[in-house]
Protein chains: 2
Amino acid sequence: MSLDELNPPPPGHEQDGSDAGPPETSLDADDRLKPEFVSAVLERVEEGDSEGARALVEPLHPADIADLFELTPAEERRALAAAISDLLDADVFAEMNDWVREDLIDALDPHEVAEIAGELDTDDAVAIIEDMEEDDQRAVLRALAPDDRAAIEEALSYGEETAGRLMQRELIAVPEHWTVGDVLDYLRRNEDLTTDFWEIFVVDTGHKPIGACALSWILRTPRSIAISDVMKREQTLIPVDMDQEEVALRFQKYALISAAVVDGAGRLVGMITVDDVVHIIQEEAGEDILKLSGAGEGDINEPVLDSYKSRVRWLIANLGTALVAATIISLFEGTISKMVTLAALMPIVAGVGGNAGTQTMAVTVRALATNQLTQSNTWRTIRREIRVAMLNGVTVAAVIGVGVALVFSNHQLGAVIAAAMLANILIAGLAGVLIPLTLEKLDADPAVASSVFVTMMTDSMGFLVFLGLASASGLVR
Amino acid sequence: MSLDELNPPPPGHEQDGSDAGPPETSLDADDRLKPEFVSAVLERVEEGDSEGARALVEPLHPADIADLFELTPAEERRALAAAISDLLDADVFAEMNDWVREDLIDALDPHEVAEIAGELDTDDAVAIIEDMEEDDQRAVLRALAPDDRAAIEEALSYGEETAGRLMQRELIAVPEHWTVGDVLDYLRRNEDLTTDFWEIFVVDTGHKPIGACALSWILRTPRSIAISDVMKREQTLIPVDMDQEEVALRFQKYALISAAVVDGAGRLVGMITVDDVVHIIQEEAGEDILKLSGAGEGDINEPVLDSYKSRVRWLIANLGTALVAATIISLFEGTISKMVTLAALMPIVAGVGGNAGTQTMAVTVRALATNQLTQSNTWRTIRREIRVAMLNGVTVAAVIGVGVALVFSNHQLGAVIAAAMLANILIAGLAGVLIPLTLEKLDADPAVASSVFVTMMTDSMGFLVFLGLASASGLVR
């Protein structure tokens, strides 16, 4: 980030102050680019009127320019990039959807990519480079300035989705014997320090962090006070190899704005700020729904073939569990042929059971993901879900039992479906809580595999209990 | 927040600095309280050894003390609160799960609640008071100091889940003619200002915000420079009645640390900081999975009866859609009675179709929630989902068609199930994208109602197409 931000924007950018962000004409009430605006820009690009396109796009925030590219059809993105190339800067790339960015970056030569990466903080530069193919990655790294190159190479040496990839190396660290005045002078005199920080870190002679100091505390303290008297000694340190989901949970739990990242020896190697974590919190929390449904990354910008590959695998697995259910039904073909109504009623038992299982599973998966469900309250949670299942089961069983008994004038059929429904909702509740818990215990991601197993249980058991009771109760002779 | 934070912690709290947070004995590798620790505390409480319990709990971070209460069985929470009452301060309540907090607050008298609320920033105080019953709320408000009372009453006058509830009124606003030096002097001299800020706001004579200034810029600028030359003029202003989900999206999109909240006349009335928004981002993103499954609030601390009420409603709705499917099957009872194998195979078509619909629906709901799917790319997204459905449909149809033809030595049966599967996966893809889009257009929450409609489509159409084809193709005579 450059020092431009220390100065007021140039006159062309000036705004009336009572209004937020870009001009009203481009954004709707929900802060999304209006379709008319997007098509106006693309029309000008198509007509070769780059000037006109630039005039429209220039007032936008980088995040909105990134959105503009996402909303542009894939085949027109490169023409748009060419038309407004001087507005397509590093900040815009940092805000862009991964797939869209990859597509645009592919069209650039390594020197252009290196120029963009050189302008960004380490974390954003790494985000752009990490998904490139190895040859292209090497070419970009060669084209970078030596410092930037070393910083990015080091970041790439940490595992994907770890704190090491997420952190920026640009931070403010000061020795413990300094005063507040020393810190102020240091910050004012060194123009090339980052401006993107909210806390400073105090380190010992071995560069190990011993405290952190919010900028508001420094601002409110006289120059003569020692920084070690202002800093907070307890701070949350992030190991460089910590998984990003874990990092996000710490930020959330302890309401952090920034945190020091330390290597295996406890030395300060970087800093993570909350604005980088916000994306991860959103992604990780939103991901569970996509994982549970087997929709892979579930990004609407993902290439069709990639979506197909991740989704079809899941559908085939689902086909397997459906075959188990079909096999169970086929064992009762004799029973069904004597009373075909059973075939019409059996999906009700399986379907409502499946739904009850999904409810419990969703609650359990979220509680595990947010660290709310731990060993201390496992048994309590299981008992709780059984109670809810019991209440749900009795209610739904009563409704369906009475309904079927009346419609078919067959009390015994009503009793059989009510008993099967109650049993299946109880099975669903147990499966919905025990399956995710077991997967978590086995160090598997409960969001990924739970729903296949839960559906298999509720389908198979639903058919088995209903048809089995119908057959054993003497309803069908 | 008090000025205590400006001083180093008392000697008893001191830590070795290379270690983060509470002692190793209380937390596991995932930063959750160990079950042994929880039971050790509760044992001491039960034995009446409050001293011992306090000694264990004292080193914990407020967020961990809050977790301790959540992990304690409901019937033992009040005894724990009594034993460690002096550690149960405002910060702990601010971190606590809503249900657990409500339960504890119910046991306190209004004066005790007022004392806790008085220590908190407005947003946290409001979070504690807003869920109380009206009588209790009035009693607490009466017991508050007049300033605090006015601030909280004003906050409560804004709608639930709006920016007005979320904001704190404690903020730093300075006039535009001040210099950096004036700002520093003001901050150093006024001890009772908040310490919880990351930016200061510059206001005109009508108290309207005209710029914002990150603390790092102030720290890096000489005293003589005018604040209006350092501040950034473009800033995201949050209207006081904006929905909290919208607030969270703005923070995320523009990578904000804090933002000014303005009233209808554009006057600065409060500030929202990112640490308050992080919880909302997490909740809102995680909520969709609970909504889609019909699990209500889906909190494991919710009372059983509340969970029952929200879930059973959904199961009854699901029973309704299952009845539609059952009615369709009953139309084909004649066909099934001639070939009972159809009854065993039909749930496969419906089930895999349902899964394909859930995948598309999850992707669409997430894209809508994150503002990625707008009018500009609606048609593109629909076409994309049809292409994915086509590929999935052909693959799954081929597998099941060939499999059934071989197992039953019946080519025609294989052809019928393959055609039905292809058709149902296409229907599922269309329903999965069109139903959430339609609900969004109608200003309904796509996450809440989509899955009932999608399941109804894939179940009913699955049975209809499969049994209809079996009957019409002459497979069954």
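One is the number of the first residue shown, and numbering goes on along the chain from there.
Placed from the backbone N, Cα and C atoms, the Cβ positions cover glycine too.
Automatic prediction, not curation, is the source of TrEMBL annotations.
According to TrEMBL, the region 'Disordered' annotation covers A:1-33.
DSSP states for the domain 'CBS' (A:231-289), grouped as helix (H, G, I), strand (E, B) and coil, give 26 helix, 15 strand, 18 coil. Annotation source TrEMBL lists domain 'CBS' at A:231-289.
The transmembrane segment feature in TrEMBL is assigned to A:314-332 (among others). When Cβ-Cβ distances below 8 Å are used as the criterion, the transmembrane segment (A:314-332) is approached by residues 294-295, 342, 346, 350, 452, 455-456, 459-460, 463-464, 467-468, 470-471 of the same chain, each at least six residues removed from its ends.
According to TrEMBL, the feature transmembrane segment maps to A:389-408 (among others).
As annotated by TrEMBL, transmembrane segment applies to A:414-435 (among others). For the transmembrane segment (A:414-435), same-chain residues at least 6 beyond its ends with a Cβ under 8 Å from one of its own Cβ atoms are 345, 348-350, 352-361, 363-364, 381-382, 385-386, 388-390, 392-394, 396-398, 400-406, 408, 446, 450, 453-454, 457-458, 461-462, 465-466, 469-470, 473, 475.
Through the fold, the transmembrane segment (A:447-470) approaches residues 287-288, 291-294, 314, 317-318, 321-322, 324-325, 328-329, 331-332, 335-336, 339, 342, 345-346, 349-351, 353-354, 356-358, 361, 364-365, 369, 413, 416-417, 419-420, 423-424, 427-428, 431-432, 435-436, 439, 476 of its own chain, all at least 6 residues removed from its boundaries and within a Cβ separation under 8 Å. The transmembrane segment annotation in TrEMBL covers A:447-470 (among others).
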